[in-house]
Amino acid sequence: MIHVAFVCLGNICRSPMAEAIMRQRLQERGISDIKVHSRGTGRWNLGEPPHNGTQKILQKYHIPYDGMVSELFEPDDDFDYIIAMDQSNVDNIKQINPNLQGQLFKLLEFSNMEESDVPDPYYTNNFEGVFEMVQSSCDNLIDYIVKDANLKER
């Protein structure tokens, strides 16, 4: 089983949105060898469900997010692929776990966009724009992991 973790600051906006989108795309593509997680590098929202803006955009596109609560990225977390939303997240991840074993990327490395960081809709309130960025990157990320880990699609 391959473990992928999306990481943002509070684990209530971007990373749970990415987790939910990725789970749905994996299911649609018939890929069952990838388990998706999300984490935050900050402690403010531990145990809380996704932000209302994240919930609304996921509901709009009929993407389930049941049972999701904010979790902290820990030094002993063991993920094969760690997908950060921005450079600050990358820096925090490396500080939390300087001996990181998994592959670390920024999500937009898998997009065709000029931007390198997914902006935090907690501050911008642009949940629709973030949804589009995340969704457009997930299929390319899946393609990369399937090839890199030599997985099969149905």
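Keep in mind that glycine also has a Cβ here, set from the backbone N, Cα and C atoms.
Taken from Swiss-Prot as is:
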- C8: active site, nucleophile (ACT_SITE)
- R14: active site (ACT_SITE)
- D120: active site, proton donor (ACT_SITE)
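Taking the features listed in Swiss-Prot, we show where each one sits on the structure.
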{"residue": "C8", "record": "active site, nucleophile", "DSSP (3 states)": "strand"}
{"residue": "R14", "record": "active site", "DSSP (3 states)": "helix"}
{"residue": "D120", "record": "active site, proton donor", "DSSP (3 states)": "coil"}
Cα separation, C8 (active site, nucleophile) to the residue listed as 'active site' (Å, whole number): 6
Cβ neighbours within the same chain of C8 (active site, nucleophile) - under 8 Å, at least six residues apart: R14, S15, S38, G40, T41, A84, M85, D86, N89, V118, D120
The residue listed as 'active site', number of other Cβ atoms within 10 Å: 33
